[in-house]
Ligand SMILES: [Fe+2]
Ligand SMILES: [Fe+2]
């Protein structure tokens, strides 16, 4: 292919894919219409939204891997359907954040392969302690995620809540469902897990590190 034809093909591809539209510059305020998400946000704070969507996507992905690990160990026991129901909701959460990543053109964290392995290992490892261990893991993780979502809601509300209304609705809905998972964990004897307090503290410390890294990397 000649240089001129290659250049023309490249331009055509960029026009078709929308790659000629200016992408976000970190921290700069820009005006964007997000048709596929049904959201129209003018002059959004790009840096804040990038961070929020990236870390939430990573968190929901990690939650899915945790429940996958739990199901691998306990899927055929009496607690299996309880875990499966929570996992199904996590699948919906992840699907939503996948859509938001595309709509807002946010890249995933580079740590995704790591969360894949760590999430599954955490779910399977705690499930090997028994039903109570798995539920203790659920309580610890869901409490951390709900706390994290509350912080994000506060941040967005302090900025300009009307601009972030749709995103706020998503986060609030998911926060409520994470709290339901937390309560389900407690109802199913999480506190009877071996070394519950220590286990919960260690997992929540890990969640804090995971949140910190996923927002930045
Ligand atoms: Fe979730
Ligand atoms: Fe959850």
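Glycine is no exception: its Cβ is also placed from the backbone N, Cα and C atoms.
It should be emphasised that the depicted structure is a prediction, and the values quoted were computed from it without experimental measurement.
According to TrEMBL, the residue from 162, 165, 178, 180 that belongs to the Fe cation 1 site alongside 60, 90, 93 is 178. The Fe cation 2 site recorded in TrEMBL includes 90, 178, 181, and the single candidate from 132, 142, 143 that the record places there is 142. Candidate binding-site residues: 60, 142, 178. Those with a Cβ under 6 Å from ligand 2, in sequence order, are 142, 178. For ligand 1, the nearby binding-site residues are 60, 90; that is, of 60, 90, 142, 181, these have a C-beta under 6 Å from one of its atoms. Of the recorded residues, residue 60 (Fe cation 1 binding site) and residue 142 (Fe cation 2 binding site) place their C-alpha atoms 11 Å from one another. The Fe cation 1 site is set by 60, 90, 93, 178; from the centre of their CB atoms, other residues of the chain with a CB within 8 Å are 59, 63, 64, 89, 92, 94, 145, 174, 177.
When the Cα atoms are compared, residue 181 (Fe cation 2 binding site) and residue 90 (Fe cation 1 binding site) turn out to be 10 Å apart.
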